[in-house]
């Protein structure tokens with residue numbers, strides 16, 4: 001955010017003042033010029049419009065890169081490399097599918113994590129005949145690259161390397177409900193062209209708010225013919241099932257050498273060592289788990305995780321990620337329907353000995369552990385999984401249906417959309433509905449995607465709660481079109497976490513903190529306008545706690561306004577007592593609550609913003625207020641943004657297009673921040 005630059009400049013100036021006696025007058029003049037230049041550079045340099053600036057996230061991943069992916073490709077006879085920027089595993093999955101496709105065209109592909117290589121090696125790629133670099137790049141949050149693509153993004157911004165002769169294609173993964181739709185994919189595509197690389201197929205833009213799988217299939221089925229035409233090659237055959245991993249059973253393995261749910265280092269949960277991140281989560285004890293709402297229709301909960309002695313540091317506005325576990329009942333049903341012994345110790349070993357990815361998940365382990373902690377068994381499987389599974393259906397009609405849903409035909413796409421996606425059929429439901437489909441459990445484990453961490457906005461301030469992280473979440477449970485009851489993996493698992501523990505064991509949650517740009521202004525006197533209905537209030541609890549703490553430290557604090565929304569005051573008014581107390585003691589200048597179902601005509605937060613438009617416009621236009629919006633991206637965030645545009649147009653005397661630009665400039669300057677999801 002913009003204020004981080006102001007902070008840096010202010011600190012530098014103070015340091016100069018303290019050291020002034022140590023310099024000559026000439027030194028002082030030169031230093032002043034330098035400070036002035038740096039201040040101008042950081043405060044007024046033009047931001048790139050394609051993708052917003054953001055803070056580099058530090059991780060514990062080794063900074064040592066592989067010597068050369070080009071040399072590795074030469075050594076293994078590959079000519080296509082598919083890089084992926086993936087936060088939830090989907091882009092990595094698409095990259096693996098593309099690299100696997102290559103064999104049909106007499107080519108050999110490899111999927112690669114850009115974090116593991118020096119991308120400057122791209123300039124040497126033309127040394128390989130018919131070489132091609134493909135980039136499956138997801139956009140995370142508000143236009144950010146994924147964590148593993150951060151270094152790649154930084155390199156693209158800084159390099160002037162000549163990439164003439166490099167052939168490339170890009171498929172982006174994004175969500176149209178977000179302001180910066182597919183920013184990373186668009187930026188990579190544009191920047192590679194600027195550096196001289198040759199695009200051989202049009203940029204693909206997948207929309208997760210629509211049907212990301214269909215978007216990818218549509219792009220992919222046009223991509224490969226274009227590759228064949230460009231390089232003058234022909235397809236060698238139909239798509240076929242090729243195992244990537246072989247099953248290895250371990251009869252007498254030492255239990256101490258078997259993974260039991262760890263994400264990275266073996267026994268890391270027994271011997272915890274900081275720093276903690278996605279590959280080394282901290283086991284935090286649940287100290288509080290209480291229901292926030294009064295109604296019985298939904299369960300909204302507040303959890304507190306103990307991070308004492310972890311050395312984990314967080315700031316208000318950051319996200320906490322938790323690794324959940326699948327419902328043991330679902331796991332047992334899968335084992336039963338497949339006739340498998342879930343407690344067999346096994347490994348899935350990559351048949352490609354040169355691959356960096358030796359196993360699809362930590363091995364050796366048991367099927368039970370894999371299905372509980374490592375594999376996603378509750379989301380609808382993608383079409384490539386159905387294609388691979390079809391061979392195991394002994395009933396011809398079931399095999400035909402599976403092949404049809406995995407095809408690129410219009411009828412097949414429609415069937416997949418209605419029968420799998422919209423009906424929310426997970427793998428167990430598909431096995432139940434297709435009685436002849438009984439794949440080997442090891443192949444199923446190879447095909448299923450990894451179970452991903454779930455991210456929540458932290459509902460506390462580290463100034464007030466340095467040793468705990470608070471979570472606010474709604475338990476997900478719904479009936480599908482097929483009449484089944486589906487439950488949210490993480491929220492159902494968290495709901496069952498009893499602070500009292502079980503059988504003398506504490507309730508533990510594997511977690512880590514991901515830094516965010518959703519930050520309070522550097523100056524405490526800056527007014528803040530917070531808009532967060534439902535669980536979108538979570539980060540604002542931390543913001544308000546921090547503003548209260550600043551007041552207690554004797555700091556002057558600017559106006560603090562909250563626009564919160566829920567259904568009814570006696571049903572789902574979250575943190576009601578806490579918010580009332582903050583309002584009473586003056587921390588909250590205004591507490592504005594929209595109850596959508598307490599009157600005939602529904603009232604939402606945007607209606608209250610419109611009601612208060614004169615005061616809000618003064619705070620924004622004259623007093624430099626910062627706006628924060630948290631919650632639903634599809635409807636609420638869009639409606640709130642439109643409301644602020646309308647306020648700017650009406651009270652600022654602007655045309656609609658000018659008002660839209662005005663709000664977008666607030667975003668560019670870090671004065672309009674979003675923490676939204678769809």
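The backbone N, Cα and C atoms fix where each Cβ goes, and this holds for glycine too.
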Additional site residue, 424, 425, 519, 638 [criterion: listed by Swiss-Prot with 454, 455, 456, 457, 472, 473, 474, 478, 488, 489, 490, 491, 677 for FAD]: 424
Transmembrane segment according to Swiss-Prot, located in which of 1-21, 22-42: 22-42
Among 178, 181, which are binding-site residues, the residue with the most C-beta atoms within 10 angstroms of its C-beta: 178
Binding-site residues: 89, 141 - member with fewest neighbouring CB atoms within 10 Å: 89
Coarse DSSP state, helix versus strand versus coil, of residue 86 (FMN binding site): coil
